[in-house]
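Peer 1: Can you read through this structure? Questions will come right after.
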Amino acid sequence: MDGIVELQRQLVEYTTSLYDEGFLDDQFIQLQQLQDESNPDFVVEVVSLFFEDSQRLLNELANSLEQQSLDFRRVDAHVHQLKGSSSSIGAQRVQGACIMFRNYCEVQNVEGCLKCLQHVKNEYSLVKSKLETLFKLEQQVLAAGGTIPMP
Amino acid sequence: MAIATESEFHVLAVDDSIIDRKLIEMLLKTSSYQVTTVDSGSKALQFLGFHEDEESNKNQPSVSPINHREVQVNLIITDYCMPGMTGYDLLKKIKESSYLRDIPVVIMSSENVPSRINRCLEEGAEEFFLKPVSLSDVNKLKPHMMKAKAKDDQEPTKQGPEGSETPETQSVQPQQTPAQSGNKRKAMEEGISQERTRPRYSGLTVI
């Protein structure tokens, strides 16, 4: 029993740090609240879709930015999609990096766009590993017979 | 009774993002609505049984049953920014169609562009939600579906006061301004008691 309580404490602490450091915002809480007995894997499913979609968009962005004649509208369309999906799961820092990226698209600044792509990639990798750790902690709590503390 | 009524409502959700489809589907199901999701405006029209050809030939006698709405859809909620047909294009097609225009349409967008919002509302959208859509947004859908349903039920006999707000009967009150109809809508929402389908949603604290 003490083991479960300790694991739950770790989970709450870790989750709190993700909000405090701005990796996640309230939208992620909304996802967790939508999850229920009839859809116990809802959050993991949506986040997995986010990972797949983001990876695809980041690849597309890298390709688009390599082209000789840069199509800024195309780049902006990809960033727009990434901004939307990151805001839908509450990946606040990725969303912020996308907003900055779109500003450089608007003024057609290639250097700025390349820097922003790197920034977005970094933020995406960070939140991906944070979420994976979060899900692992949740699994440990469940495996020990505990319940996930609701936000 | 409230729950039985709600589950009768069928919402068609249109979004090109699979993440947002998943999210809106869950929000609507949590509110006990029947949900169908599609990834484009053209698939939405297909689902509704809309065909451009039949629209242009609608004056000719038709033996095709497709002019009737075979699938009952009580509300359409669509993303604004989609490749190909935008949510605005979809809204226009629906409002121009004689047999679809009574279905309430709600637009969602991640961008807060006032001119865009006004354009959609002027074209007949009931609401404009900023993304990400929340449960409190979804709670605003019910009055629109109730209103459309009530109108549908009463259509041949009498027109309720609620009916005067719809485009078909606007000629009764030609001087009606958007501001007035907005107040009316608000008043209606207040008149209908809001079911708390998920009580645990309230009183939550951010950790």
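Easy rule for this one: first residue shown is 1, then count along the chain.
Note: Cβ is positioned from N, Cα and C throughout, glycine not excepted.
Just lifted these from TrEMBL, have a look:
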- A:39-144: domain 'HPt' (DOMAIN)
- A:HIS80: phosphohistidine (MOD_RES)
Peer 1: DSSP says what for the domain 'HPt' (A:39-144): how many helix, strand, coil residues?
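Peer 2: Counts, helix then strand then coil: 92 helix, 1 strand, 13 coil.
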Peer 1: Let me know how many other Cβ atoms fall within 10 Å of the Cβ of A:HIS80 (phosphohistidine).
Peer 2: 17
